[in-house]
Amino acid sequence: MSVNYSETICSFQDTAINNIGTGKKYQTMAHTRSSNIRFVPAVTHDMVRSLFDPTIKKSFLECCITLSIFANFGLCYLFNLKFGQSLTKVFYLFQYILWRLSYNLGIGILLHYQSKNESLTSFAKLNKLFDKKSTSKLAKFCQFEISTKMANDYNMHNYPEEFNIWLLFRQFVDLILMQDFTTYILFVYCSLPSEGIDFKNWRILVGTSMILFNIWVKVDAHRVVKDYAWYWGDFFFLQDSELTFDGVFNISPHPMYSIGYLGYYGISLICGDYKVLLISIWGHILQFLFLKYVENPHIEEIYGSESDTNQLSNSYIDDLIVKENYDYSRPLISTGLRWKHYDLLRFSDHFTILSILAVVLIAIKTKPTEKALFIITITAKIFSASFTSYILFKQSKDKWFTKIFLKNGYTQIYCYQQWQFIYNYSFVLPTTLLILQTTSKIYNLYPNIEYTQIIFGGILCAIQMWCNSEIRAAISDFGWFYGDFFLINYISERRLTSQGIYRYLNNPEAILGTAGIWGTALMTNFCYENIILAIIWTSTNFIFVKFIEKPHVSKIYGNETRISGVGKTLQGLKPLRMIYDIFDDIGSLFLRNLIASNKHALNHSAASPLHLEFSIQEALENANAKLAPNCKFNLEPKPNDEYVLPESIKISWQLPIELYNNRDWIGLYNVLDTRTNRYRTKVSSSGHWCGTSREGYKSDKQNTMAIKEFHKNSKVVKGVVVFDYNLLIFEPGIYEVRYHSNGGHNVIMSSQPFQIKFPKFEITDQEILHSNLVNFLTKVNSINDGKFVENGSKYFNTRTFSCLLKKSTGIDISIEFIKKVSGDLKIISHRLCEIKKILDSLD
């Protein structure tokens, strides 16, 4: 059965909606597609009730359909007695093929022309099938069929032709779909093993579970979409109904075409016959073709295609990277079947493909043992997973990988390109080795492996390939290569995608991303080598997602929890909801007891540090009106709130005496590091801080030198601190200063964000450039005898000097070059101007 709203993952609500406030019952209106005639659709019943419920009226065709179903069972019994099971199986195989083609091809053609030209509706109007005065036998039969099918109060002449022809079309659909199902079941029955079924076998248990799940999918889908979408009603008329997300439509894209056919594979698993499995796959493929060529075009025509209207998507970021970096090209990607973005002028692409070919040719030529292949594969996987995970872990923590390239004169994009090569190579090499190992194992075990295992394993591999394809489609190259670890500055809007496969799963790579690996274990009859490999693949994937990807995502996009479609559906199930409620009650009880015990402890130790911390936090959050007028935290005004290095930052502060502590301190932070929490600083100041009172930090002269003024009276405490080159952060960005309490990290006050940037140096004249560099380094105490020195300022080192040159002149000079010329400013100035001239000459 198919549902044409599965593409948009939506469903129409029931035709009757109860209004609680008035107690009235409203019916959903509908209108015809072309003539726009409005009407209230009559009540209809689902296929099973229409055919088999004795309490519901039956039309002539419905009686014929029901009889044909029972006749097929009787015919199967007689055919089996006379011609044997083998011939009976072939007979019903051809019947199933006929009815499946009638479904996907026959119904598909009718719906295609109905969608394009409303052919069925036009045929009904042309032949006056529902006209009272019509005397044709076809019209009389159609009117008789509808009158016997519908309730006694139904008057077909009060309804438009679109609705009446849809009712007749349903009869045609019932016949084909019921025969399709019946002949498939009879074909499977004839294919069951003659020795019987062992219900303790894992295949029986898994297959039965798949069938039961399939039944739930069908039932829940009909609960959500009703007869209107079940029978392709929007090909004939349109309902004025609300679109909702519910049930099975939250679990999977196209649920009636994807997981709605899971029972096919469950039956094939129980049957244990690879021929049944192949026929099931064939039927499933036809259903996807029906979806692609019949339903999807109609959906796009009626409801529009699903497209990302947000220009700040990952795809937009990819385009932006290409636009801003002319030497950047899309990275090489393996789709499992072919290579995308192969660049003949990129050496790393040749290296990747030649490496894979070399591995394959060496394996074919040397014919390594299974043990050797296993050891090589597991080693390659562990090493590649560890290496890439380490890079991303360090990159998330302190931009380690980017810093390596920047300090050597390379760009951020170049760093990202090298990472793309490393990640892609680390992905395809272990995968290639796994394919070789699995192929070798299957070859050696071939006589003892069933075809069904190989086919099911291939299906799992296909699921993983599909999952990877859907992930790439949803998050584009930028997301696939973890661009938010390297190019955070390209992310204009920090919002996780909820499109494509991410509408249903939060981490599809953790759930479906290893399906193919377990498919190899199935194909090799669960040999211990492939089970170990599958465990390694799954474990490394889980560890990476849990301990590297999730923390980084929280840091970049915030801690907001997004509930996936699958999660919503599971929460809606009553048994699971009861379990959730029990855990919530336990958690609430525990939390109440914890709060009560904390209150008791606070009452007995009012002067404790814990009590002080709670008091300060309460003062911060409640913003006590009495104390607020005495709280001041101001920066020296600057045009556009910009500080051009190395000028100092002057900060004036004032606090009520009740809130002040001698151990209070002020820190300088990048706002990107502190944006997640305004009341507590969770990142280190990295030494960019100073105390507010020398008395509080008597032994720390380095961090009290910035104190310029300090005054204290009976009501307030105030002072002035100046962040000069000894405390400034010599990295351009948006910053803020935060006032912290009592040597801790609770924030009492914070400034408005301001910008720190390097000055712009004129590079067309060497003498002017040299003078500007000398002037800058003199102010930061990092010059001696016309040369740059590192020991003059704690935070202005060679790396910072290299960054200054890049930001102020637009020309990169590597750290190695600076060290090579011993920091000589004349040589550096000459080299910068020389590079500028060379670049200009190439334009």
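Residue numbering: from 1, along the chain as shown.
Backbone N, Cα and C atoms are what each Cβ position is placed from, and that goes for glycine too.
The average pLDDT for the topological domain 'Lumenal' (1-58) in the predicted structure is 63. For 1-58 (among others), the entry in Swiss-Prot reads topological domain 'Lumenal', with the evidence type sequence analysis.
Residues annotated as transmembrane segment in Swiss-Prot: 59-79 (among others). If one looks beyond the transmembrane segment (59-79) by at least 6 residues along the same chain, the residues whose Cβ comes under 8 Å of a Cβ in the stretch are 50-52, 87-88, 91-92, 95, 144-146, 148-149, 171, 174-175, 178-179, 182-183, 186, 189-190.
According to Swiss-Prot, the topological domain 'Cytoplasmic' annotation covers 80-89 (among others), on the basis of sequence analysis.
Only residues 6 or more beyond the boundaries of the transmembrane segment (90-110), in the same chain, are considered here, and those with a CB under 8 A from a CB of the stretch are 72, 76, 79, 83, 119-120, 169, 172-173, 176-177, 179-180, 183-184, 186-187, 190, 279, 283, 286-287, 289-290, 293-294. Residues annotated as transmembrane segment in Swiss-Prot, with sequence analysis given as evidence: 90-110 (among others).
Residues or ranges marked as topological domain 'Lumenal' in Swiss-Prot: 111-171 (among others).
According to Swiss-Prot, the feature transmembrane segment maps to 172-192 (among others), an assignment based on sequence analysis.
Marked as topological domain 'Cytoplasmic' by Swiss-Prot on the basis of sequence analysis: 193-201 (among others).
Here Swiss-Prot flags 202-219 (among others) as transmembrane segment, drawing on sequence analysis. Within its own chain, the transmembrane segment (202-219) has Cβ neighbours under 8 Å at 1, 248, 255-256, 259-263, 265-270, 272, counting only residues six or more beyond its boundaries.
Positions annotated as topological domain 'Lumenal' by Swiss-Prot, on the basis of sequence analysis: 220-254 (among others).
The transmembrane segment annotation in Swiss-Prot covers 255-271 (among others).
Note on the topological domain 'Cytoplasmic' (272-277): DSSP counts are 4 helix, 0 strand, 2 coil. Under the heading topological domain 'Cytoplasmic', Swiss-Prot lists 272-277 (among others), citing sequence analysis as support.
Under the heading transmembrane segment, Swiss-Prot lists 278-294 (among others), citing sequence analysis as support. Counting residues 6+ beyond its ends, the transmembrane segment (278-294) has Cβ neighbours under 8 Å at 2, 7, 93, 96, 100-101, 103-104, 107-108, 111-112, 115, 184, 187, 254, 257, 261, 264-265, 267-268, 455, 459 in the same chain.
The topological domain 'Lumenal' annotation in Swiss-Prot covers 295-343 (among others) and is backed by sequence analysis.
Annotated transmembrane segment per Swiss-Prot: 344-364 (among others), in sequence order.
For 365-372 (among others), the entry in Swiss-Prot reads topological domain 'Cytoplasmic', with the evidence type sequence analysis. Counting residues per DSSP class in helix, strand and coil order gives 5 helix, 0 strand, 3 coil for the topological domain 'Cytoplasmic' (365-372).
What Swiss-Prot records for 373-393 (among others) is transmembrane segment. With a threshold of 8 Å between CB atoms, the same-chain residues lying at least 6 positions outside the transmembrane segment (373-393) that come near it are 363, 400-401, 419, 422-423, 426-427, 429-430, 433-434, 436-437, 440, 482, 485, 529, 532-533, 536-537, 540, 543-544, 547-549, 552.
The list of residues near the transmembrane segment (445-465) in space but at least 6 beyond its ends in sequence, with Cβ under 8 angstroms from a Cβ of it, reads 265, 268-269, 272-274, 277-278, 281, 335-337, 512-525, 527. Residues 187, 190-191 of the same chain lie 6+ residues outside the topological domain 'Cytoplasmic' (80-89) yet bring a C-beta within less than 8 angstroms of a C-beta in it. Look at the topological domain 'Cytoplasmic' (440-444): DSSP puts its residues at 5 helix, 0 strand, 0 coil.
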